[in-house]
Amino acid sequence: MASSSRILQSSLSGSVELLTLCAAGALLVHTQVFDADVTTQLSRAMKNLFIPALVFGSILHTAHSAIETLITSRDSIALQQIWVPVALAFLVFGMAAIFAYPITKLIASGKQQAVQRAVFACLVLGNANVMPLLVMQSLCDTFPPLMRTPHCYDKSMGYASLFLTVINIISWTVLYQFLRDSKDSDHFREEEAPLLSQTGFRSSINHPMDLDEPRAPIIDAIKRVLCSHIFLAVVAALAIAIVYPLGNAFLDDDGVLRPFLLSINILGNVVVPVNSLIVGAELYNSLYGCRDEDRYIKYKDEEFGSSTFLVILFWRLVAFPWIARILYVLLGLDSKLGDPLLGIFGLVEFNNPTANTTVMLISVVSTRLPRIGDQLRYDVAKTVFWQFLATPIFLTLNTAAALHLQYARL
């Protein structure tokens, strides 16, 4: 009974922390400390600096620890700490995409192309960074079996960084390109094009018809991966970890390069609070922003609609976690994984609402869509907002189910 209460307290604690940080971001916008430009620039800073710093430090620690265990004990299971989170990321994203395609066709077939792609992104992209880190931190601090696990949160951070690396690379390359190539609303030509051509507003933005030109999205995605700061951080961390003496220079208490690593970790540690502030600010901007409702006529094919919000919520917080638990049982992963923490972490990654990264992606992409961009930001923000309100209940129940699956036989 005590364990059940601890499980509920731990799961609820992570959700409350996230909601509190997001509320702080909304407050900064409400008090005019933040504006839309600030949050957009912070989103770029997250992508180019803070997340790569987190990824570098965490992956270096995890990979070096796995290699050290392999060298000293000849235990190949230690390598699960590296390849399982990576494989899990591809599995989660791949499964979500497979199911999201028919769901999008079912609920958004009559919508504008940009709306369909935004719906697809909300179905596919789960919260791979802030939410899992907060949940795992709460579980490591309050759930007895995990409290007895050495370096519980450090390991979780390493697993999350590997998972986050893959998801962020896919998100900011393939998914970003997919969203970026969306056409503006077909109603643009009917209502806004003549007005905007007179004002010269479109001179700094690509015209919707410009998006019809041939592109090579796969090649663009590969280039974005190879040139991204996150990918370079991964390569650098793995290279340093493989060169064992060099890894020691970074990680040993008296290592020559340890101060450099500590400085990088300071940058990486701001990912959770800053990312949450950005999401809160973006939600506030999108839900209560200065949108000119009289500028154009609303069309239903430019909006998500109430049923779309409900379907996305049901998929992210009920159906997808349920499918994950079924697969977990059928594959017998509770006994096959060398570290039970990996199992808990994997199930937590299936239990998340639509990612706050989706809000940031749409925020950047919407600048190319003057007709429908504001509406997309509003609808995606509303999607994330309603899921955040439901998260304390569903995340608590899903996390409790995950802990039961992993530790029921102990």
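Glycine is treated like the rest: Cβ placed from N, Cα and C.
Feature annotation from TrEMBL assigns transmembrane segment to 82-103 (among others).
The transmembrane segment annotation in TrEMBL covers 115-136 (among others). Sequence-distant neighbours of the transmembrane segment (115-136) (same chain, 6+ residues past either end, Cβ-Cβ under 8 Å): 10-11, 13-15, 17-18, 21, 51, 89, 92-93, 96-97, 99-101, 103-104, 107-109, 152-153, 156-157, 160, 163-164, 167-168, 171, 175, 178-179, 182, 271-272, 275-276, 279, 301-304, 308, 312, 315-316, 320, 344-345, 348-350, 352-358, 361-362, 372, 376, 379-380, 383-384, 391, 395, 399.
For 156-179 (among others), the entry in TrEMBL reads transmembrane segment.
What TrEMBL lists as transmembrane segment is 225-246 (among others).
According to TrEMBL, the transmembrane segment annotation covers 266-288 (among others).
For the transmembrane segment (309-331), the list of distant contacts is 95-96, 99-100, 103, 107, 119, 122-123, 126, 343, 346-347, 350-354, 382-383, 386-387, 390-391, 394-395, 398, 401-402, 405: same-chain residues at least six beyond its ends, Cβ to Cβ under 8 Å. The transmembrane segment feature in TrEMBL is assigned to 309-331 (among others).
Per TrEMBL, the feature transmembrane segment maps to 384-405 (among others). Remote same-chain residues near the transmembrane segment (384-405) are listed as 4, 7-8, 10-12, 14-16, 18-19, 22, 122, 131, 135, 139, 143, 279, 283, 287, 309, 312-313, 316-318, 321, 325, 328-329, 334, 343-344, 347-348, 350-354, 356, 358-359 (criterion: CB distance under 8 Å, separation of at least six residues from the stretch ends).
Within its own chain, the transmembrane segment (266-288) is flanked in space by residues 18, 21-30, 34, 36, 38-39, 42-43, 46, 49-51, 53-58, 129-130, 133-134, 356, 359-360, 363, 377-378, 380-382, 384-385, which lie at least six positions past its ends and keep a Cβ under 8 Å from the stretch.
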